[in-house]
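*Asks:* Below you will find the structure I want to go over with you.
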Amino acid sequence: MIHVYYDKDANLGLLEEKMIAVLGYGSQGHAQAQNLKDSGLNVIVGLRKGSSSWKKAESDGFRVFKTSEAVKRADIIQVLIPDEVQSRVYKEDIEPYLEEGNALVFSHGFNIHFGQIVPPDNVDIFMVAPKSPGHLVRRMYLEGKGVPGLLAVEQDYSGKAKELGLAYAKGIGCTKAGVIETTFKEETETDLFGEQAVLCGGVTSLVKAGFEVLVEAGYQPEIAYFECLNELKLIVDLMFEGGLTKMRHSISDTAQYGDLMVGPRIVNDNVKDEMRSVLKEIQSGEFAKKWILENKANRPVFNALTSKDENHLIEKVGKKLRDMMPWINE
């Protein structure tokens with residue numbers, strides 16, 4: 001049964017005497033740090049020497065320290081740096097300076113779940129993961145609202161890890177919308193699956209395939225772009241607002257009939273079987289192992305495939321058409 005927690009379930013007072021170090025000042029880092037500070041908590045920012053975010057964090061009113069120094073000063077350490085560098089930074093700048101009773105916080109479980117970070121037994125480990133990009137986490141907080149979040153406890157040395165996690169979630173505004181209890185395993189595996197099979201890998205491959213089929217059949221690339229990529233936002237926005245039902249109530253009956261009859265032919269049982277294979281690769285750690293090795297080898301496959309897609313016809317056509325729609329960036 002799902003457990004959801006709200007403001008009334010969280011005690012911000014548990015953090016009032018704590019020093020919180022937010023490591024990283026990117027999308028989530030800047031939002032979480034500012035929300036915590038505006039909630040009246042003691043927050044410092046930890047960054048690598050020479051970070052381009054150093055001056056930005058200072059201009060936002062934070063005391064900024066090198067990562068290792070921030071860890072030394074903190075009771076609660078939120079690790080908001082990219083997955084692929086977390087393990088190295090942990091070994092060099094976090095682990096040597098951890099003290100008994102500290103709490104390590106994450107917003108994604110990759111490195112804990114796949115054993116790339118193995119903290120000592122005498123610290124708390126929990127996750128608070130807002131389910132929105134950082135700019136929205138910040139904007140909703142400023143509007144007196146919040147975005148939903150996830151909470152997971154991996155290690156409860158203090159006996160209060162869950163309570164500390166809920167307090168942290170309240171500090172960044174998530175308990176206003178609701179915080180769902182999960183595990184590091186569930187968050188990590190479902191997050192990776194969603195990215196690979198649906199949100200990123202699935203969608204980009206579907207869009208490219210549709211575009212290519214139309215162009216190969218002799219249709220103008222610009223028309224193919226509008227039909228297969230540009231209008232995608234309109235449909236996704238409707239689904240975001242009210243699920244499949246609102247989307248289908250908002251499109252023509254012709255479009256809905258095509259949706260119902262043709263959709264299952266495209267995403268058929270073979271596709272679901274492939275999705276199951278992808279999920280098994282995630283669950284077994286095979287994907288994590290490949291990604292870790294790819295980074296150690298300086299990303300040859302990652303860079304080659306990224307470059308290939310950046311030079312795809314759909315990108316060239318898209319740039320030209322987006323230049324005709326200046327309101328997109330308003």
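Quick reminder: no glycine exception, Cβ is built from N, Cα and C everywhere.
Not my notes, these are from Swiss-Prot:
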ACT_SITE  His108  active site
BINDING   Tyr25, Gly26, Ser27, Gln28, Arg48, Ser51, Ser53, Asp83, Glu84, Val85, Gln86, Gly134  NADP(+) binding site
BINDING   Asp191, Glu195  Mg(2+) 1 binding site
BINDING   Asp191, Glu227, Glu231  Mg(2+) 2 binding site
BINDING   Ser252  substrate binding site
DOMAIN    2-182  domain 'KARI N-terminal Rossmann'
DOMAIN    183-328  domain 'KARI C-terminal knotted'
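Show me how these features fit into the structure around them.
*Replies:* Counting only same-chain residues six or more apart in sequence, the Cβ atoms lying under 8 angstroms from the Cβ of His108 (active site) belong to Asp83, Met127, Ala129, Glu187, Thr188, Asp191. Classification of His108 (active site) by DSSP places it in coil, neither helical nor stranded.
Under the three-state DSSP scheme, Tyr25 (NADP(+) binding site) falls in the coil class. Residues near Tyr25 (NADP(+) binding site) in space but far in sequence (CB under 8 A, at least 6 apart, same chain), listed by position: Ala33, Val45, Leu47, Ser51, Ser53, Lys56, Ala57, Leu80.
Using a 10 Å radius centred on the Cβ of Glu231 (Mg(2+) 2 binding site) and all shown protein chains, the other Cβ atoms total 11. DSSP assigns Glu231 (Mg(2+) 2 binding site) to coil, not to a helix or a strand.
Same-chain residues at least 6 positions away in sequence with a Cβ under 8 Å from that of Ser252 (substrate binding site) are not found in this chain.
Confidence in the domain 'KARI C-terminal knotted' (183-328), given as mean pLDDT, stands at 97.
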*Asks:* Using the alpha carbons only, what distance in Å do you get between Glu84 (NADP(+) binding site) and Glu195 (Mg(2+) 1 binding site) once rounded?
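*Replies:* Each residue's Cα considered, Glu84 (NADP(+) binding site) and Glu195 (Mg(2+) 1 binding site) end up 16 Å apart.
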*Asks:* For Glu195 (Mg(2+) 1 binding site), just count the other CB atoms lying within 10 A of its CB, please.
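*Replies:* Glu195 (Mg(2+) 1 binding site) is surrounded by 13 other Cβ atoms within 10 Å.
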*Asks:* Could you tell me the C-alpha distance between Glu227 (Mg(2+) 2 binding site) and Arg48 (NADP(+) binding site) in angstrom, no decimals?
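*Replies:* If we compare the Cα positions of Glu227 (Mg(2+) 2 binding site) and Arg48 (NADP(+) binding site), the gap is 44 Å.
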*Asks:* With DSSP helix as H/G/I and strand as E/B, how many residues of the domain 'KARI C-terminal knotted' (183-328) fall in helix, strand and coil?
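*Replies:* Helix (H, G, I), strand (E, B), coil: 126 helix, 0 strand, 20 coil.
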*Asks:* Rounded to an integer, what is the Cα-Cα distance in Å between Glu195 (Mg(2+) 1 binding site) and Gln86 (NADP(+) binding site)?
*Replies:* 20
*Asks:* When neighbour density is defined as the number of other C-beta atoms within 10 angstroms of a residue's C-beta, which of the binding-site residues Glu84, Asp191, Glu227 has the lowest density?
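*Replies:* Counting other Cβ atoms within 10 Å of each of the binding-site residues Glu84, Asp191, Glu227 gives the minimum at Glu227.
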*Asks:* Work through the binding-site residues one by one (Ser27, Arg48, Gln86) and name whichever has its CA nearest to the CA of Glu231 (Mg(2+) 2 binding site).
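*Replies:* Nearest by Cα distance to Glu231 (Mg(2+) 2 binding site): Ser27.
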